[in-house]
Amino acid sequence: MEGWRGAWYVPCLASHETLQELCRKENLRCKSIGITNKSLKSYEVEYLCDYKVEEGKEYYLVKWKGWPESSNTWEPQKNLKCPKLLENFLSDKDEYLSRMKEGRALKVRNSVKALKPAVADYIVKKAKQRIALQRWKEELNRKKNHKGMILVENTVDLEGPPIDFYYINEYKPAPGINVINGITTGCECSDCPAEKCCPKEAGFILAYNKQKKLKIQPGLPIYECNSFCRCGPDCPNRIVQKGTQYSLCIFRTNNGRGWGVKTLQKIKTNSFVMEYVGEVITSEEAERRGQFYDNQGNTYLFDLDYDSDEFTVDAARYGNVSHFVNHSCDPNLQVFNVFIDNLDLRLPRIALFSTRTIKAGEELTFDYQMKGSIDLTSDSADGLSSSRKRIRTVCKCGAVCCRGYLN
């Protein structure tokens, strides 16, 4: 599958452990899979796999970093210098016992002489998940081009990073779709906003107040200053283009809604939070994909119908943090169309702004059908394609005003 800007995404068929073993045999270094000069010459504990007591001594089965599982060894507890990994081991063990209702969570030491295979298996899976999520977090933060950090958290189940999802920062046009930035001129303002600033030239008012917070009603478009404008980066009409300013966390929900997104910082009312990006496809292609997504119960198609219903944004495989934002019938985010370097009315950028003050630790949500505060008769993004939905999806948002279904 062709990637972004001509790159190619080719899935690796070999496991992480197999690649490590091959690198060792060929004496190759590969930092991304933990094979470095240091790991080739020394042993570092990656995680603990099992526990036993022999002749009164405690032993832990150690998975060595950069070495295949076939090289695991039993090591006495006194030799281990990894308190955090030991803490993870004990915590995962207690968590499993508690969930399985095998009695109260017991302390390993002085309690048992060996773990049951099911317990050890869970501990290994949890350790592998923790490593996979850490790698995913690092990958997301390498690829994102905005200020805010992205964290990843799963304290609910053993689900790891999504398969076949590629992080992008802007629209990815599907083959045959040309997104041309037609801007050749910009405003001459030295102190925006002025009489002939970008929004006024387009026939609209400036979207932001002096505090750089949104002041327009849902349904109205946002026209920001562009790359040809005379004003500098501190211009109050450059907000969405600066990207997400908040640190966010992709987390596993505990009520069957899969992944979600929460903010790690307080967000004030009418603040820009993030863009909704994905693959830009035709409405015909969206119709075809929609049938497949219906059967899966997923909703990633966002119609762009500000001027026409020609294009749709599909964030199923290509997207950013917004891919993981859940629906709510009482959301704290609102969708707005934004035009910056591309004034093609068929291809507005989709920005999510806060509708109220959002506390640190609170989940971010938007209404997939955008009912409520938005004027549905106005020219606005149409939301995650309701017209294509043939199979009704039960809503689990839990809001008092919940409509019962996502579509």
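Backbone N, Cα and C define each Cβ position, glycine as well.
According to Swiss-Prot, the protein has these features:
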| type | residues | note |
| --- | --- | --- |
| DOMAIN | 43-101 | domain 'Chromo' |
| DOMAIN | 185-243 | domain 'Pre-SET' |
| BINDING | Cys187, Cys198, Cys225, Cys229 | Zn(2+) 2 binding site |
| BINDING | Cys187, Cys189, Cys192, Cys197, Cys198 | Zn(2+) 1 binding site |
| DOMAIN | 246-369 | domain 'SET' |
| BINDING | Arg257, Gly258, Trp259, Tyr300, Asn326, His327 | S-adenosyl-L-methionine binding site |
| BINDING | Cys329, Cys395, Cys397, Cys402 | Zn(2+) 4 binding site |
| DOMAIN | 391-407 | domain 'Post-SET' |
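When the domain 'Chromo' (43-101) is classified with DSSP, helix, strand and coil residues number 23 helix, 22 strand, 14 coil.
Cys225 (Zn(2+) 2 binding site) sits 9 Å from Cys192 (Zn(2+) 1 binding site), taking the CA atoms of both as reference points.
Put simply, Cys397 is the one of the binding-site residues Cys189, Cys197, Cys198, Cys397 whose Cα lies nearest to the Cα of Arg257 (S-adenosyl-L-methionine binding site).
Through the fold, the domain 'Post-SET' (391-407) approaches residues 255-257, 294-295, 297, 299, 326-330, 365, 368-369, 371 of its own chain, all at least 6 residues removed from its boundaries and within a Cβ separation under 8 Å.
Excluding Cys187, Cys198, Cys225, Cys229, which define the Zn(2+) 2 site, the same chain contributes Gly186, Cys189, Cys192, Cys197, Glu224, Asn226, Phe228, Arg230, Cys231, Cys235, Asn237 within 8 Å (Cβ to the Cβ centroid), listed in sequence order. Arg257 (S-adenosyl-L-methionine binding site) falls within neither a helix nor a strand when secondary structure is assigned with DSSP, and so counts as coil. Rounded to a whole number, the distance between the Cα atoms of Cys198 (Zn(2+) 2 binding site) and Cys189 (Zn(2+) 1 binding site) is 9 Å. Distances between the Cα of Cys397 (Zn(2+) 4 binding site) and those of the binding-site residues Cys187, Cys198, Trp259, Tyr300 are shortest for Trp259. Each of the binding-site residues Cys225, Cys395, Cys397, Cys402 was scored by the other Cβ atoms within 10 Å of its Cβ; the lowest score goes to Cys402. By neighbour count, meaning other C-beta atoms within 10 Å, the densest spot among the binding-site residues Cys198, Cys329 is Cys198. Same-chain residues that are not part of Arg257, Gly258, Trp259, Tyr300, Asn326, His327 yet have a Cβ within 8 Å of the Cβ center of the S-adenosyl-L-methionine site turn out to be Thr253, Gly260, Phe324, Val325.
Remark: of the binding-site residues Arg257, His327, the most isolated position is Arg257 (fewest other Cβ atoms within 10 Å of its Cβ).
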